[in-house]
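Listed in Swiss-Prot:
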{"type": "ACT_SITE", "residues": "Glu91", "note": "active site, proton acceptor"}
{"type": "ACT_SITE", "residues": "Cys340", "note": "active site, S-methylcysteine intermediate"}
{"type": "BINDING", "residues": "Cys111, Cys115, Cys118", "note": "[4Fe-4S] cluster binding site"}
{"type": "BINDING", "residues": "Gly163, Glu164, Ser195, Ser218, Leu219, His220, Asn296", "note": "S-adenosyl-L-methionine binding site"}
{"type": "DISULFID", "residues": "Cys104-Cys340", "note": "disulfide bond"}
{"type": "DOMAIN", "residues": "97-329", "note": "domain 'Radical SAM core'"}
Amino acid sequence: MKPSIYSLTRQEMIEWAEAQGEKKFRAAQIWEWLYRKRVQSFEEMTNLSKDLIAKLNDQFVVNPLKQRIVQESADGTVKYLFELPDGMLIETVLMRQHYGLSVCVTTQVGCNIGCTFCASGLIKKQRDLNNGEIVSQIMLVQKYFDERGQDERVSHIVVMGIGEPFDNYDNVLKFVRTVNDDKGLAIGARHITVSTSGLAHKIRDFANEGVQVNLAVSLHAPNNDLRTSIMRINRSFPIEKLFAAIEYYIETTNRRVTFEYIMLNEVNDGVEQAKELAELLKNIRKLSYVNLIPYNPVSEHDQYSRSPKERVMAFYDTLKKNGVNCVVRQEHGTDIDAACGQLRSNTMKRDREKALVENVQP
């Protein structure tokens with residue numbers, strides 16, 4: 001199976017071209033065709049020799065993903081189901097924000113973190129995505145607009161889709177550097193957010209990388225007992241270890257950390273828990289931000305329900321009174337398979353049911 005050309009960084013592209021006996025500027029031409037002109041085949045690279053195009057075709061594909069399903073919401077949110085070369089499925093989501101077009105990318109097929117409220121974890125991790133497969137998600141979303149003649153550009157990226165980004169650390173870091181490259185998509189570092197469920201050692205590594213992207217941490221509870229019951233990962237990285245890493249990150253980068261907090265009715269959304277969260281954040285209050293997330297119900301996790309608006313606002317008001325910067329996240333795509341992993345999970349379920357019907361037919 002040939003790799004995607006998107007899997008190469010610009011420096012790797014230069015090294016590849018030189019290994020083929022080509023001049024360095026040929027790599028710059030290929031890079032421009034891919035990321036500025038956004039062609040979908042090597043044959044469209046009209047200033048390259050036939051010999052070089054043949055080498056590219058022999059060694060790479062452009063985009064390895066196949067579009068299976070597109071769902072468009074009334075609010076402009078677009079959810080994509082892509083098929084990988086090995087037949088596995090991933091999701092990507094485009095969200096229209098007041099500040100631009102934001103794309104949420106997937107980094108793994110399935111997830112091993114085991115959050116008890118999440119559709120992504122219903123299917124265990126099967127493999128990591130490589131850099132090319134992650135970049136391809138952005139390029140296909142951009143193609144969606146290019147083909148419609150819409151003069152719109154992906155401006156923001158959130159690495160919050162299926163999987164734990166820091167469990168696929170090297171490929172995610174390579175992806176960030178690829179899309180941030182000023183000769184390519186040139187998406188600003190401060191327009192890129194990487195999320196983690198709390199791999200403390202990787203947060204420390206990330207602090208030392210020198211990338212100026214945003215960090216978000218899925219917290220979802222203010223104490224160990226509750227967090228462990230919601231997120232299995234807390235057994236390995238309890239709050240004390242997690243916050244030591246977060247404080248190291250803030251001291252090293254002087255960058256703000258966003259805390260994601262999903263609102264589960266009568267589970268983690270009480271006023272006392274809001275006070276506990278404010279106390280937890282008191283030492284990093286100036287460089288922290290809490291994102292309160294309305295819960296999208298998942299049928300397989302029917303022990304949870306969405307917090308009523310009055311409980312959400314009481315939680316929000318308590319944080320505010322205690323000096324915590326916070327916001328209630330705007331919802332997107334509520335009329336489609338909105339929860340992370342839901343479209344993929346539902347599609348796989350339908351595919352299995354279809355296969356069973358076909359197998360029993362005479």
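Positions of Cβ are set from backbone N, Cα and C atoms, glycine also.
If you compare Cα positions, Glu91 (active site, proton acceptor) sits closest to Gly163 out of the binding-site residues Cys111, Gly163, Ser218, Leu219. Considering only the recorded positions Cys104, Glu164, Ser218, Leu219, His220, Asn296, the residues lying within 10 A of Cys111 ([4Fe-4S] cluster binding site) on a C-alpha to C-alpha basis are Glu164. Minimal Cβ crowding within 10 Å, among the recorded positions Cys104, Cys111, Cys115, Cys118, Leu219, is found at Cys115. With Leu219 (S-adenosyl-L-methionine binding site) as the anchor, the candidate recorded positions are Cys104, Cys115, Cys118, and the one with the nearest CA is Cys115. For Gly163 (S-adenosyl-L-methionine binding site), the same-chain residues 6+ apart in sequence whose C-beta sits under 8 angstroms from its C-beta are Thr106, Thr107, Gln108, Val109, Gly110, Cys111, Ser120, Lys125, Asp128, Leu129. The record assigns Gly163, Glu164, Ser195, Ser218, Leu219, His220, Asn296 to the S-adenosyl-L-methionine site; their largest pairwise CA distance measures 19 Å. In the predicted model, the domain 'Radical SAM core' (97-329) has a mean pLDDT of 95.
Ser195 (S-adenosyl-L-methionine binding site) sits 14 Å from Cys115 ([4Fe-4S] cluster binding site), taking the CA atoms of both as reference points. Here the candidates are the binding-site residues Ser218, His220, Asn296, and by Cα distance the one nearest Cys118 ([4Fe-4S] cluster binding site) turns out to be Asn296. A gap of 10 Å separates the Cα atoms of Cys115 ([4Fe-4S] cluster binding site) and His220 (S-adenosyl-L-methionine binding site).
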